[in-house]
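These features come from Swiss-Prot:
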COILED    24-146  coiled coil
COILED    352-431  coiled coil
COILED    461-649  coiled coil
COMPBIAS  17-27  compositional bias 'Low complexity'
COMPBIAS  41-51  compositional bias 'Basic and acidic residues'
COMPBIAS  327-340  compositional bias 'Basic and acidic residues'
COMPBIAS  688-699  compositional bias 'Low complexity'
COMPBIAS  700-717  compositional bias 'Basic and acidic residues'
COMPBIAS  750-761  compositional bias 'Polar residues'
COMPBIAS  769-780  compositional bias 'Low complexity'
COMPBIAS  1364-1374  compositional bias 'Basic and acidic residues'
COMPBIAS  1377-1386  compositional bias 'Polar residues'
DOMAIN    822-889  domain 'SH3 1'
DOMAIN    982-1070  domain 'Fibronectin type-III 1'
DOMAIN    1075-1171  domain 'Fibronectin type-III 2'
DOMAIN    1420-1488  domain 'SH3 2'
DOMAIN    1536-1603  domain 'SH3 3'
MOD_RES   Ser263  phosphoserine
MOD_RES   Ser274  phosphoserine
REGION    1-27  region 'Disordered'
REGION    41-70  region 'Disordered'
REGION    217-249  region 'Disordered'
REGION    295-352  region 'Disordered'
REGION    677-731  region 'Disordered'
REGION    744-781  region 'Disordered'
REGION    1234-1255  region 'Disordered'
REGION    1364-1392  region 'Disordered'
Amino acid sequence: MTKDSPTPLGGGRASPKKPSSPGPAAAVLEEQRRELEKLRAELEGERARGRSERRRFATQTRQLRESAEQERQQLADHLRSKWEARRLRELRQLQEEVQREREAEIRQLLRWKEAEMRQLQQLLHQERDVVLRQARELQRQLAQELVNRGYCSRSGASEASAAQCRCRLQEVLALLRWETDGEQAARIRHLQAALDVERQLFLKYILEHFRWQPALPGPADPQATHSLEEPPLEAQSNTGGTPKPARRLGSLESLNTGVRVHSPNDLLPTRAGSLESLATAHSCSLDNTLNCSQASESEVRAPATSASIPDTSSPQPPPQLPSIHRKPNDLQKESSENKPCEASTSSPPGLDYQELVRQNSELAEALQVLVRRCCDLREENLHLRRKGFSEEAGEKVKWLKVKHAELTDLAQRLEDRARKLQETNLRAMSAPVPGESLEGLDLSQVFTCQRAQDLSEQAGALQAKDLQIEALRRECHLLQARIAADLGSSSHPEEGATCAQWCNISDLDRLQRESQREVLRLQRQLTLHQSKAGAWADAGRPSTPSEITRHQVQALERELGLQRRECEELSVQAAAAERRYEETEAQLQAALHKGARLSEENARLQALANWMKKMADENSNVSRQQSHTRQRQELEATSLLAEQLLQQEGYAQDRRQQLQHYKNKALSDLRTSGKEMQGLQFQPGHPSETSETTQASESQARDSGRPTFKTKSEERVLPLPTRDIQPPACLSQQENPVIVEEPAAGPQVSDRNSTSQSLDSKPQAKKTSSQSNSSSEVESMWATVPSCLSLDMDTASEVDDLEPDSMSTPLEMRSLEAPIIPKLKLFLARSSYNPFEGPSEHCQGKLPLTAGDYVYVFGDMDEDGFYEGELVNGQRGLVPSNLVEPISGSPILNHLFLKSPDIGPTALPAGHSKVLKKGSLLLGEVQERGLCQVGRVDSKTDMAAESLKTKTEACWLGLKSSLEEQSFSRPLLEAKGAFCLAPMELQLQNVTATSATITWASGSNRYPHVVYLDDEEHILTPSGVNHYTFQGLHPGTCYRVRVGVQLPRDLLQVLWETTSSTLTFDTPLAGPPDPPLDVLVEHHASPGVLVVSWLPVTIDSAGSSNGVQVTGYAVYVDGFKVTEVADATAGNTLLEFSQLQVPLSCQKVSVRTMSLYGESLDSVPAQIPEDFFSCCPFLGAPPFNYTDGNPFPVCHQKLVQASLGAKSSPRGPGNCGEPQAKFLEAFPEEHPRKHLSLSSLSSDGTNSQAQGPTEAWKGYEKDLSFQKSPQNHKPPLLFGQSGVEEGHAPHICISGSPAPGFVHLSSEIGHGKIRCWEKPGLEKALLQNQYAPMVPPHQQGSSQCQPADFHHVFEEKEALCLDSQGTEKPEQRKNKSQNGQRQGTPGSKRECSVLCPAPTNKVIKMTSGSPDQLETDANNPVRVFLALFDHSPLVISVNSEAAEEELAFQKGQLLRVWGSLDLHGFYHGECNGHLGKIPGHLVVEVEVGTQQTDGRWHLPAQGHLLSETQREDLEGLTNSQGSYMPQGNSRTPTLWTPKTMVAALDYDPRDGRAGVQAKGKLVLRAGDVVTVYGPVDDKGFYYGEYGGHRGLVPAHLLDDLPVHGE
């Protein structure tokens, strides 16, 4: 075969067609059917994607609708707020405008009032001036008339002139009275009364002295004369008695003063009218009497005889009565008119001249008395005017009257306006506004109506009286006219007529007086009725006019204030009503605007919905078109593929023929070479093996006569794109041929894909291999090597490969099967794993694990029990199946394939995991076996590194380059970074009433996560942290937790589908507190006393656990309470033998937490030491007890097969060789493990120094004794049973109840004897048990024996040194305290050390400390770490703030570290004099037990080498803080270490079949992994934990978790 003849399909050697193989047509049809199925599957996938797109569009539509609704709501709220602000602003403006208008209106009204007042004052001044001028004129006229009073006595005077004179006098008196009334209203009434009295006296005097008879011809009658003479005497007596009129005047004045009116504004106009009418009536009567008197006087003065007045009176009607406002000009005209009448009147003759002179003189005296009286009255008036009644007071009274009238008018106008406003408001408002009352308005209206009614009644009464007075006045006029007519009708009447005339005159006088009295009485009653409220307290002292005026002013002011307040209230009510009307109108307008806006928004949303619907239709159309196009393309590709297959089939036929030709040629060549070899056999010196080789070649050639070829269906299993693009998969390229060397040439190993060597060479290769692998590993390595043709070999090599090719057909068929899409599963690492610490020498391809890490697993487990997996940080490699557990029901099983489409086409061929697993061997064997060429045709050749640096980087960086070159797809990390950023597997764990813990699987380990609680940012966790615990929650509350990825700014622009996950949970109600942990029962120094210790529950600052207050702890023994401790922080108590109920049968001790709401559940029970009841009270020193129950499943058959029953002698250091050998034979695949080393104790009481770690290790490697300890039995060697020499101090015996799988080790060093327990060396069982979930330790001390670690045993560096007297030396106590601190777990909450020196010293020392104190203690040991990589936090870290706290270091640098890892995965340490944080995944701890080989220090824990310089630095670091002490294992199991079991059946305690008591039981499904604590109780239940919940589980439903490989 030549180089230019490639194989048709690659992957298998071509061979002639078998007779039983199907025809090409059937193969083509089968291929087409498969293609159609594939197309159908793709079509279904496209449909599924279309449905997902539709759902996505529906989700976007809903989001848009929700966002539109939110925007609309925000816009509505914004507009509402703007509208309210605008409404308030407009309302304020309207209020200000109304207030300004009111103020302007009030100012305008005041200006109008002031103008009106000024006008009224001007009018009043004008009227006053006119009245004063008239009064002065009348006074002047009266004086002139009085001076000329003698005109009646003249001879030429007539009766008419006398009457005219009397009329003028009457008018002057009337005008004088009204002048006084104009000046002072009170003085007018006084003068009127006085004038009335004088007028009456004057009239009486006239009537009495002028009753003459008409003149008769006969002589005068003496009786008449006597009668005429008597009146003068009476007149003299009357006129001369001036005191009588004075007294009358005083009485009338006092009467007038007593009835003075207090409210002149109401009664003054009416009174003025009535007084005017009275004055008019009196003036008429006075004029008549004066006329008669003047006539009689003229008759008397006449020289003729006296004649009667009726005879001499003229028949003319009486003259017109003068009016009050008659001017002086009118009086002069009247006087001029009356003069002719007087002249024409003739005096009656017959009277005696002397008599007439005497009468005239008497009349003149009477007139003088009257004149004097008038002068006195005038003087008195002037005196009173000067005394108190000034013009200013009168003007003030008048101004107050006018002001009152104006205010009354204003009040009436305001009432009208208020009534109009109220009517308007009632029309505008349908209902009154609550809180406002109309009481003030109603009271104002009632007050106004009542006042108007009173005024109307008063005015009506006064008008009625005025009408009565007017009627009486008319009667008086009629009577006077009638009298005057009767007197002038006949000049000579008879005596009877005269008597009737005088009788009528007397009746008239009587009627007039009665009418005057009636008027005065009515005025007095009205005045008293109006002035009841203002009556003076002192009735005897009359009120002065000034006080009356002041009281009137005060009353007016009070009334004015009331009216002002009423006006203000009405104004406020009117403004409020107007404001309510405006608000209502504004609300109406706002509602209209809002309705319009909502309609517009609705229209917009409707348009948007229509647009979205249209877009969805268009999208569906486009999707259909795309699907049709894709189907058409697929059909075209299928037809093209069919054509290619037909062509390839023809080519395959040609190839078969060519191969047959090559085969025949090879056979001929083989025969020729056989002949040549036979010829060479007979040559001397040729080895005998040549014949055997020739025979083997001939047999191979004969067997190769039946060549086998894979069928077409098997060849077409490869993916179509791979077959179309890639050439035949042969790792030996034509350009770079590889010559396979002879097996005897050396230990080099050819390519894994090459099968040119025969099967017989495989054992030879295994023999020549220098590696110490087990047979199963080697067989699995060779079984997974895929075969491939090398087209550029010579003919001899092809002939040699014929038979192996036929035998490797099953391998080829398996290697060329269809690459199924790898099944991705999510696993959880149960415990930590470091491949460098294991027995395997090829650990470069294995992944280091940390407990709690998530591992993505591809495919199924291989035959060696390894998975192909990848960590979240991108590292890939092999994962032991016994260290991880699958997460059932994980959504990530299908989530990653949906999110990353590039994972689908990538296939892992069969055995590829082995290529990765065994590829790690190439890195370790590259210097011994040579170069290995691994990769695809189109990839570059990957050369194995020759240095340790290359191997280290390949191990820690996940062999990325090797994975890429070995056809492994790397889309997982990129897919997670691009598609799966949201945290997955968000789960809830450890939910209490006040706290909860969440965990998640990081979608991307490169970015930090933000934890939200109820949609509020709670905390920012750094990258790599996948759990968080909430504290301070409220019991019985629903919380919503969301965990999201915080992306950098450059990635925020990318449209991620989701970057967060949400979880909702409810905290339980504040229930019973949590039970205590780590209950331990130990011996006390006193016999018969037990020490029960526990770890107190975690309480908050308020002293509560699970939401309730903790009060103490109760100790139960087999379910019976024996004692209580009333302390929430107590950690131990003493239990005496007498307190046990049934001492010999008591086994379990449990502790409960007490609270006010009851007790908690039982803690994990602790076993009472079995030797407690059989222990003698006189023992020298009670032993330390530690019970370590670790029931992990082990291979008990192999343990039984081992002969471990030999007993060890007290001092035989070499008696453990044979049992150890037998034990190791039972487990051939295991490697020697390190053992627990304890320093020897001083036997003679002297100070004994502890052995160093190297010496102790060497010593214990030599002195080991194994003893089989069956379960539930005491150890064969107890304290006191071994030979103890006399004189030696008692030893400290560390013993306990043995557990299955433990081997009792007993060794003696010097005189000290130490027993310890070590677990058997079964690796898989050890790994499974170590990484099972278990309770973290909380109690470590000298009283316990640290259990052996599974990879390196925790070595104890200090010994307890006690002298013979039981005392402890200071330096030993110091060393022991430091050792206890180093052994204490950083996360532990309590450290207990029990000192048991001598039997007489019964001392128990308990030390406790918080985690903070342990971590921050200055005595914490210093740990030394080695940097594996360069670290620059400012360049690598995403968070710049966190980068400032990290330390920068270089690869190979030694770092000093204090404490353990924090929650974020960082150490606290020192580098180059700087303190800060150190990432835990970039450093490795340097153990003290390093060994020096060839000038380099080797670290057995990690496989790194240290140079001498680094070794010196290490010694300097450790010596600076004292001798270095390694830290103990942080995962040391406590009492009843949890056991992992699997549920065989479904179990739901809530249904009726499982029983009624469902509380406190777990719900399980078949296959669930349950962590069990403690043994089975008396009811057949385990106490276990599953999914973060704890409860009881039936024991018959659980099975032990099987061990792989058993």
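The backbone N, Cα and C atoms fix where each Cβ goes, glycine too.
For the compositional bias 'Basic and acidic residues' (41-51), the list of distant contacts is 623, 627, 630-631, 634: same-chain residues at least six beyond its ends, Cβ to Cβ under 8 Å.
Residue counts for the domain 'SH3 1' (822-889) by DSSP state, with H, G and I taken as helix and E and B as strand, are 6 helix, 28 strand, 34 coil. For the domain 'SH3 3' (1536-1603), DSSP puts the residue distribution at 3 helix, 28 strand, 37 coil. In terms of DSSP helix, strand and coil, the domain 'Fibronectin type-III 1' (982-1070) has 4 helix, 42 strand, 43 coil. The predicted model assigns the domain 'SH3 2' (1420-1488) a mean pLDDT of 83.
In terms of DSSP helix, strand and coil, the region 'Disordered' (41-70) has 30 helix, 0 strand, 0 coil.
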